[in-house]
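Asker: One structure, pasted below without further comment.
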């Protein structure tokens with residue numbers, strides 16, 4: 001059924017499609033379904049939390065049109081906030097590690113946002129520190145995606161129920177999501193555990209920065225995952241297991257899915273699909289594995305992920 005016209009672009013956030021992977025999954029493995037979050041108007045899963053955090057602040061009287069928002073971001077949350085701010089009449093300033101892709105930087109600027117780069121060696125901690133400095137100096141409002149309860153709550157209210165409705169009572173045996181802020185995993189995981197008591201919730205993190213597994217933080221190339229610390233927005237009780245994914249493994253899988261499935265996915269999506277394939281092999285035929293593809297590969301055309309010699 002075609003969607004009826006809406007009054008605001010923010011009204012078309014959510015209700016993203018789910019697609020079965022057919023060519024990268026072994027015949028004797030579980031079925032794998034991916035939720036295409038890059039179909040949101042701002043191009044990623046982070047559109048959901050961007051709108052949720054802004055609307056929460058509006059309800060609480062913390063912001064009004066014309067005010068300035070500041071936020072540390074590895075890219076997609078900033079892009080989501082930038083487009084929401086543009087639509088609602090707010091100014092936006094973002095701090096982000098200098099290691100993030102050129103497309104992400106350009107997208108932020110295209111929406112009229114100001115961008116402040118921080119040292120890549122400091123990862124997200126450096127961006128968070130700089131955002132707090134700007135907030136204190138100028139009195140900006142900071143949504144704080146790593147602390148804001150609206151982050152996991154919006155996934156509990158929308159993403160999780162969408163999956164339950166999309167699978168129409170069918171069993172979901174495992175749900176996997178990469179952990180950046182942990183909002184998606186926490187919110188969706190809570191919903192699915194109520195609906196499917198035997199579902200396995202799996203956290204995905206960078207092999208090079210295995211903080212959730214008890215390891216040390218470190219630099220990695222899985223943009224949007226592995227902040228280098230355990231965020232307040234992550235419910236560490238919701239997941240049952242952790243799968244670590246390497247830089248090259250995630251990139252190779254993202255490229256393969258583009259070639260073999262026609263799905264142009266980002267780096268963290270490559271990590272999600274690789275982890276889903278491992279879980280599908282473990283569970284075996286007849287089971288159902290679901291994961292989220294956070295962003296589109298077009299955001300990585302200037303990076304080694306999709307750089308071609310000719």
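Glycine is no exception: its Cβ is also placed from the backbone N, Cα and C atoms.
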Asker: So Swiss-Prot lists 76, 180, 181, 182, 183, 184 for pyridoxal 5'-phosphate; which of 241, 268, 269 goes with them?
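Answerer: When Swiss-Prot describes the pyridoxal 5'-phosphate site, the candidate it includes is 268.
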Asker: State the three-class DSSP label for residue 46 (N6-(pyridoxal phosphate)lysine), counting H, G and I as helix, E and B as strand, and everything else as coil.
Answerer: helix
Asker: Find, for the listed binding-site residues 181, 268, the residue with the lowest Cβ contact count at a 10 Å cut-off, counting only other Cβ atoms.
Answerer: 181
Asker: Far apart in sequence but close in space: which same-chain residues, 6 or more away, have a Cβ under 8 Å from residue 184 (pyridoxal 5'-phosphate binding site)?
Answerer: 45, 155, 159, 177, 178, 292, 294
Asker: Long-range same-chain neighbours of residue 183 (pyridoxal 5'-phosphate binding site), Cβ under 8 Å, sequence gap at least 6?
Answerer: 49, 145, 151, 152, 154, 155, 233, 234
Asker: What's the CA to CA span in angstrom from residue 181 (pyridoxal 5'-phosphate binding site) over to residue 46 (N6-(pyridoxal phosphate)lysine)?
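Answerer: Answer for this pair: 10 Å between alpha carbons.
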